[in-house]
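TrEMBL lists 34-118 with the feature domain 'Inhibitor I9'. Under the heading domain 'Peptidase S8/S53', TrEMBL lists 143-602. Taken from TrEMBL, the feature active site, charge relay system covers Asp152, His225, Ser558. If you look up TrEMBL, you'll see 383-473 marked as domain 'PA'. For 673-774, the entry in TrEMBL reads domain 'Subtilisin-like protease fibronectin type-III'.
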Amino acid sequence: MAKTIMEKMGYFLTSYLLVLTMMFSANAEFAKKTYLIQMDKAVMPKAFTNHLEWYSSKLKSALSTSPKADADSEKRIIYTYQNAFHGVAAKLTEGEAKKLEAEEGVVAIFPDTKYELHTTRSPSFLGLQSEKAPNMWSEKLSGRDVIVGVLDTGIWPESESFKDVSMGPVPAHWKGACEIGTGFRKSHCNKKVVGARVFYHGYEAAIGRINEQKEYKSPRDQDGHGTHTAATVGGSPVLGANLLGYANGTARGMAPGARIAAYKVCWTGGCFSSDIVSAIDKAVADGVDILSISLGGGVSSYYRDSLSVAAFGAMEKGVFVSCSAGNAGPDPASLTNVSPWITTVGASTMDRDFPAEVKLGNGKIVTGASLYKGQSVLSIEKQYPLVYLGSNSSRVDPRSMCLEGTMDPKVVSGKIVICDRGLSPRVQKGNVVRSAGGVGMILTNTEANGEELVADCHLLPAVAIGEKEGKDLKSYVLSGKSATATLAFKGTKLGIRPSPVVAAFSSRGPNFLSLEILKPDLLAPGVNILAAWSEAIGPSGLKVDNRREKFNILSGTSMSCPHVSGVAAFLKARHPEWSPAAIKSALMTTAYVLDNTKKTLTDASTAKPSSPYDHGSGHIDPIRALDPGLVYDIEPQDYFEFLCTQNMTPTQLQVFAKYSNRSCKHSLASPGDLNYPAISSIFTQKTATSFSRPVIVHRTVTNVGPADSKYQVVISPFEGASVKVEPETLNFTKEHQKLSYKITFTPRVRQTSPEFGSLVWKDGLHTVRSPIVITWLAPPM
């Protein structure tokens with residue numbers, strides 16, 4: 001009897017689960033998601049009067065006819081693209097998307113993808129103050145006004161960084177708009193902030209309607225990130241800028257004369273590719289000269305990456321595109337935004353720090369960093385009990401990372417708590433400690449962070465320390481003795497040596513999509529950067545933070561990207577005829593790889609010399625970039641020829657070909673022949689005993705210096721290969737003259753790891769440097 005009952009129950013449960021599965025599958029079949037649909041605008045039938053009418057007709061032909069699937073007359077199209085990208089974004093079921101993909105005129109379909117943000121003294125550190133550049137950088141932008149489009153979380157227009165005092169009329173080529181919305185009026189735009197738009201249809205399709213009680217459904221910035229990046233690009237000078245007294249001085253953008261157009265694409269729940277592509281498309285039509293994009297997602301093939309495709313379209317229209325490399329370092333091959341037509345920016349430190357000290361009961365003093373300045377102050381004359389809730393075990397313990405719900409007030413009340421970095425925001429850990437009654441926090445780096453110190457605006461007295469000191473500190477606490485400490489805050493310190501240093505969090509190469517394209521391209525300041533801030537949120541970014549500041553200090557490649565965007569804006573103003581590739585070349589070939597102690601740039605994660613996989617061509621040097629001598633120019637067709645070497649099918653190549661009706665002319669013998677300012681040679685062995693054949697790459701340089709110039713080449717030595725450059729001398733007789741050379745890499749001794757070096761052209765006035773990477777690929781097993 002019991003067996004019969006159990007059998008019936010089992011049958012019932014099985015049937016119930018089967019019904020649930022069928023219901024789920026049915027719902028999934030009819031669930032609508034956003035897709036970006038790229039169209040070949042050239043094949044629109046003459047029966048249609050405009051492209052939108054044709055796109056709508058195509059979409060209608062693919063819609064499901066099932067009443068359940070499409071009972072209402074819901075509008076499916078949420079965006080129309082017609083500048084950097086051609087087509088629409090629409091809400092479709094998976095089946096409808098597959099059906100539409102087979103339609104004539106449809107080039108490609110991209111699922112909407114979620115992206116994340118890559119979250120004072122930098123002008124001085126880069127040599128841009130007037131006393132250092134009286135006739136160059138400090139002068140007002142000349143030639144023509146440059147407009148930088150910033151794709152981010154919006155803008156706080158009341159910030160002093162966005163005042164338009166003494167600025168001339170808005171450039172005639174500007175066709176953009178100042179969109180109104182919650183807390184944002186047309187009067188919030190001016191001659192500095194010339195435009196502001198919002199993009200949220202993709203976000204709402206994926207996440208749901210924006211709660212306007214909690215978030216501005218307008219260009220107004222509630223997050224602060226967008227205000228910070230926009231001010232870094234082109235903020236007007238503001239005297240006495242500081243965060244709680246830290247980093248006091250004049251805050252100004254890289255190009256204070258540039259105009260800013262804010263494109264709000266990121267919201268509380270993230271940034272979606274349909275919104276991002278729509279913003280790029282609009283920005284190109286609006287007339288921006290530079291695009292600054294401090295966000296990213298994962299890496300996918302060029303033809304599957306909608307941001308890459310849209311950036312290609314922007315580049316075709318003459319727009320320079322700068323993107324953050326990502327904050328996934330120091331893991332190798334952790335880069336995002338690796339397309340060669342995008343300038344990929346890593347992060348470095350500056351020669352400024354915010355020191356703080358941990359004074360232990362045993363007399364030892366540990367130096368760290370902090371931006372704390374609040375009412376709660378620990379007496380330097382008193383010692384406080386120390387507690388660490390982790391152990392010597394290698395097991396991950398949520399308590400050691402001070403995660404929500406892991407603190408017992410009975411254990412931590414009145415004590416300084418040691419917290420390991422990881423899993424939750426650094427400032428949030430401090431709030432957890434504070435909420436449990438702790439009086440202070442010591443934030444210890446893990447192996448991934450090494451000795452890099454990132455200062456934060458904590459809600460309680462807190463100091464960040466390096467990994468080595470952290471291990472010693474935890475051993476002191478776990479030794480069984482009554483461990484005590486106090487914390488002291490030392491303000492702002494300048495002249496830090498060595499600097500710059502490659503940030504541990506900065507994403508690294510190699511670029512596994514194309515080893516021949518060395519990424520990142522270069523470094524710029526991205527650690528502890530002071531810039532304007534949204535007064536809708538506290539400097540810690542936490543909801544419980546009631547402090548309101550006009551400036552904030554942030555770190556991330558999100559901060560380094562707008563440094564490059566701003567410098568590119570000035571180069572564009574000084575050299576309006578330069579292409580995006582020429583601007584990029586000037587930035588890369590003039591970058592430096594030695595710090596202020598004259599040693600190779602250090603990697604903060606290892607405290608050892610960095611390589612081009614970490615720093616790319618080197619650290620940006622704006623003054624030298626104004627006069628690079630030679631540039632490696634690249635036309636849009638050249639980039640397409642590079643794609644023709646990437647083993648793509650004709651259908652995949654169409655994604656990039658259809659805007660300008662391009663076709664492969666096979667002008668590049670290999671991917672390495674793209675006229676890139678960095679050089680990467682790949683040796684491939686067919687067997688364990690056979691040598692790779694010599695690798696030959698070609699380059700062409702354009703003279704942008706004196707008409708009569710003679711350049712000599714200097715090549716660094718390599719152990720695994722001989723390198724020959726032909727010719728060894730380049731004799732220019734006129735401006736804008738182009739001369740070519742070839743480099744032959746002949747293998748000698750196989751190396752187990754990549755070799756790094758450089759090729760430099762010198763004329764006595766200019767030093768045009770290209771990093772070289774030689775990689776040996778193992779033979780197939």
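Cβ from N, Cα, C; glycine included.
Per DSSP, the secondary structure of the domain 'Inhibitor I9' (34-118) breaks down as 23 helix, 29 strand, 33 coil. Every protein chain shown contributes to the tally, and the Cβ of Ser558 (active site, charge relay system) ends up with 30 other Cβ atoms within 10 Å. There are 27 other Cβ atoms within 10 Å of the Cβ belonging to His225 (active site, charge relay system). For the domain 'PA' (383-473), the DSSP counts in helix, strand and coil order read 25 helix, 21 strand, 45 coil.
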